Amino acid sequence: MDHENHPLRDPTEHSLLEDVYAMGTGCILLALGLVLMEAAGIATAGVAGIALLVSYHVPLDVGVLFFLFNLPFLALAMTALGREFVIKTAVAIVLIFAMVALTQKAMEIGHVHPAFAALAGGTAAGVGILALLRHNTGVGGVNIIAVYLQKRHGWNVGRLHILFDGAILIAAFVTLEFEAWFWSMVSMLAISFVLVAYHKPGRYMGH
């Protein structure tokens, strides 16, 4: 076979089907985690957390605020991370909120202990984010900044999430009751620890 006319496919490159499956899996897990945390009254971190906190003080829906807050981050991604990343991330943002709405209609949660929601929901959300990141997809906002800094400076995404989300939840201290704030911090750590452990530059070769 003439390899010049028929170049071999990069074995680390994901196929379109693999990207679609990973995006669906990641969005479902992330949505499930968010629904569990919401049912327990725990605030979310990232841009969703910022939008939720701001919605308490302005007459705008949290979904509208989430979309508006993500626009400048998507602009950063377009200039620094490439068109493919922006398109995938924009699709993921829409899918996540569609999956959240679908999950809320598909099951009714009577009671969730905040400790379970923080640990199980945070871990599910973290694995969902991991699946998206490994297929060159972000979830908007803080995630875009973290991926940008990782690609530019080699910084660990999980540690960056801890830094950014920690700052958000510290700001939330004035809005939430202490117990809800505490378990929100635990859920943030659960998400970040998944990324610290499993998303290390150079270890995973797929793209």
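Note: Cβ is positioned from N, Cα and C throughout, glycine not excepted.
Quick look at what TrEMBL annotates:
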TRANSMEM  21-54  transmembrane segment
TRANSMEM  60-78  transmembrane segment
TRANSMEM  85-103  transmembrane segment
TRANSMEM  115-133  transmembrane segment
TRANSMEM  154-174  transmembrane segment
TRANSMEM  180-198  transmembrane segment
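Across the candidate stretches 21-54, 60-78, 115-133, 180-198, the maximum count of CB pairs under 8 A to the transmembrane segment (85-103) is reached by 21-54. When each of 21-54, 60-78, 180-198 is checked for Cβ pairs under 8 Å to the transmembrane segment (115-133), 21-54 comes out on top.
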